[in-house]
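This report concerns only the one structure given below.
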Amino acid sequence: MKVLVTDDSAFMRAIIKAAIKEVDPNTEVLEAENGDVAVELYREHNPEMVFLDIIMPVKNGIMAMEELRELNSDLKIVIVTSVGQEDMINKAKELGANGFIPKPFQPDQIKEIFNQLRNI
């Protein structure tokens, strides 16, 4: 399985990646620092799941999610974002986000949603 982790914080990407690898060491985890790179990596590698921050430079998570949904309406997308962004979270819900994890989060939250979605 391939998973794309998109966050402008390398630290956050590393935490999410480590949690995923703990559940399934064979998962290939791709990393993107903004929505632009996320869409590019999606086109190149076609991952089955995307963890996506909302607030990022260049292209935010909502803009990236719109493009990703156009490319694959069934893509599993998990929004990982700070509390207090209700408008953007509502937009992500409208676009069909498969899950939401508020920052700060515990690695177990990543593991739980990864496990749920990979078995669908």
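Including glycine, each Cβ sits where the backbone N, Cα and C put it.
Residues or ranges marked as domain 'Response regulatory' by TrEMBL: 2-118.
Residues or ranges marked as 4-aspartylphosphate in TrEMBL: D53. Cβ neighbours within 10 Å of D53 (4-aspartylphosphate), excluding its own Cβ and spanning all shown chains: 26.
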Just to be sure I understand, if DSSP states are collapsed into helix, strand and coil, how many residues of the domain 'Response regulatory' (2-118) fall in each?
57 helix, 26 strand, 34 coil
